[in-house]
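Asker: Below is one structure. I have some questions about it.
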Amino acid sequence: MDNHTSHETACNQTEAWSWLYAMQPFYMCAICFLGILGNSFVLVVFLLERRRTSVADIYLGNLALADLLMLSCLPFWIVTIFNEFHWTFGCTWGNALDIVEQLSTYIGYSNSSLNPFLYVIVGKQFKQRARDVLRAASCKRWERSRSGYSSGNVTSRQYESTKI
């Protein structure tokens, strides 16, 4: 008895791969279309709403944005699977797609872990304190740029003339 032939008949990979190439792009197109439609609807509702003060609103808006970012990568994978996993978009698009996928994953994870901690455990005052710190930092940066001391633009003569 030949083990090689019995193994091939037990696991026919050709049928599985041909099914994947034929059916998987269809399912992924449906997921992509419904995902873009649903997440866009969520973002439009949040943008048209007057008040966005609840933690759940901010959480769901960030999650919908991260999902849209991830869904923007899906058409590339649909074409790749349809072409039997032959990447046809070149190295530049491949690197850009990897960056977008990593970015959307990081946004999703940080949204899932940091938002509840910052807004529920730390408290509502965190948002106001963070806004005040960012406002002060940007005002200080603006003052420095108006007086000619933006980073990299300071010459030794300017520095010596303003020494105390």
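Heads up, the Cβ atoms here are built off N, Cα and C, so glycines get one too.
Sharing the record's features from TrEMBL:
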- 25-48: transmembrane segment (TRANSMEM)
- 38-90: domain 'G-protein coupled receptors family 1 profile' (DOMAIN)
- 60-83: transmembrane segment (TRANSMEM)
- 103-122: transmembrane segment (TRANSMEM)
Asker: If you average per-residue pLDDT over the domain 'G-protein coupled receptors family 1 profile' (38-90), what number do you get?
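Answerer: Overall, the domain 'G-protein coupled receptors family 1 profile' (38-90) comes to a mean pLDDT of 83.
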Asker: As a quick check of your reading of DSSP, tell me how many residues in the domain 'G-protein coupled receptors family 1 profile' (38-90) are helical, how many are strand and how many are coil.
Answerer: 38 helix, 0 strand, 15 coil
